[in-house]
Amino acid sequence: MFLNWLKPNTIQAPHIIGLKTLIHVVSLYLLISTYYLALTGDIGGDPVQTLTHFTGIGAFNLLILTLCVSPLARYLRQGQLLRVRRLIGLYAFVYAACHLYVYVAYDLIYDWTLLVNEIIDRPYITVGFSALLILLALTVTSLPALMRKMGKRWKHLHNLIYVAAILVGIHFLWSVKSDIVEPTLYLGIVAVLLVLRYEKLARYWRR
Amino acid sequence: MLIKSYRKNHLTEADVTDEKVFTDRRKILKSMGFIGAGSLLANSASAGFLDFFTGSDEADSQQKAAGKVRPLEFSKAEADGQHLTSEDKVTSYNNFYEFGLSKSDPKANAQGFVTDPWKLEIAGEVDNPITLDLDDLYAIGLEERIYRLRCVEAWSMVIPWIGFSLSELIKKASPNSKAKYVAFETLHDPQQMPGQRNRFFGGGIQYPYVEGLRLDEAMNPLAFMAMGVYGKTLPPQNGAPIRLIVPWKYGFKSIKSIVKISLTEQRPATSWNIAAAHEYGFYANVNPKVDHPRWSQATERRITSGGLGSDRRIRTEMFNGYGEEVASLYTGLDLTKHY
């Protein structure tokens, strides 16, 4: 295959450090610079909607990227790559948390009653909020010490990332008025990433 | 009655909006290297990439747009204490799916839209079918009206439109006794409107965009045909050269770039109702008590001016606050069923 020019395990610890640095720099730069532009009012039309979309799509992109790591590592035979997965996943949560923050702070303008009602009444917000809670649980339990302590339960818990990915896809699809092309593409990507894990998921299901 | 006497040369907030400050600030930011990233990040990604390669930026397109719009003569509205939405927001945050699905797309994609010459046909159940050109329309006489615009997406603006009452236009065609409804149609020109060319780009709406009102709604003095905004002709992204404004209904009723008005006996089809009937009714009156499946309509985010954090969340009023003028149109109608 075309990617096989890379010899197995070419990617080593120094590369991983570089890769992690890159993930930090890109994720934080995009987030901070966009927020800065929104604050100065120079982001066009309505900064609230721009920020909402940016953090939402950003979180989904990062979540998908997280799910790409293990298939990619296996396909390229680069076991070390798995070491960046947690970091990307953490940034997916950071973006998702910012997404909620923008919604609460700048769209609902801290109307907490309205927030609770919307989470209950609007199916697309219900599923989106559920996904955020899953990401929160995964983030909180992402410390290596906890991972060791939780053992098998940690694996069960972290398999919920597949549920989160599906929920986020539905959240996106249900949130649009009629332009379903982009959310459908995203759901397609999620489906492909799940199919790649067919054996694992089937095993899990049978148990 | 909301329509007050109109005094000439009364100062409005439009007069103090300083576009130059906005433009200059963009330039400063650009020189600091911020705009490039911003353009790529904003959801006008395609425009951002194009700008990057052609070296133009939004300030240039603003000038291009400024070349297209020209000042209008009109009788000014009295300032009524409402805080106007800033001009740059009114002209850069638009739902006009013919030019793209994102709010920033219409401004990016509509600048080449030809709106002069233009013909507006009034036909159907009328004794005097007519076709008017721009000069005929301007000759009706322009006045300014500051209206609240409430979008079904639960945000709102306060906008100084320039135009004339829809009733004046309809009277010119002399509706006959069969006329019960008024149907409106946007230009259908896939050459100029990318959204009509490609169903992926057009957001699943059937084109041309169509809207409708009951005749008595259309004859209400508040129903307005706008040909300008902020003292100038309408920019293309706001529905140039002529659009409907029905301030007590959700924004999607206020159809843009109209080429045809038909008086009909039967209730006409309307675009969003065709697309999703359970979400968008024919009436679409602003109603805080009837929620849209996706948005609570009890409150709205009022977009005024300034950056992030300058908007307020306010309670939505029945008929967008125009109940005194229009509530009588709906006596005996169950507005929960006829949403």
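Backbone N, Cα and C atoms are what each Cβ position is placed from, and that goes for glycine too.
TrEMBL does not curate its annotations; it predicts them automatically.
Some features that TrEMBL has for this protein:
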- B:ASN94, B:TYR97, B:GLU98, B:CYS151, B:THR186, B:ASN238, B:ARG243, B:SER254, B:ILE255, B:LYS256: Mo-molybdopterin binding site (BINDING)
- B:115-272: domain 'Oxidoreductase molybdopterin-binding' (DOMAIN)
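Shown on the structure are the features that TrEMBL records.
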{"residue": "B:ASN94", "record": "Mo-molybdopterin binding site", "CB count, 10 Å": "25"}
{"residue": "B:GLU98", "record": "Mo-molybdopterin binding site", "CB count, 10 Å": "30"}
{"residue": "B:THR186", "record": "Mo-molybdopterin binding site", "CB count, 10 Å": "23"}
{"residue": "B:ARG243", "record": "Mo-molybdopterin binding site", "CB count, 10 Å": "23"}
{"residue": "B:ILE255", "record": "Mo-molybdopterin binding site", "CB count, 10 Å": "24"}
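Following the DSSP three-state reduction, the secondary structure of B:ASN94 (Mo-molybdopterin binding site) is coil. DSSP assigns B:ILE255 (Mo-molybdopterin binding site) to coil, not to a helix or a strand. Under the three-state DSSP scheme, B:THR186 (Mo-molybdopterin binding site) falls in the strand class.
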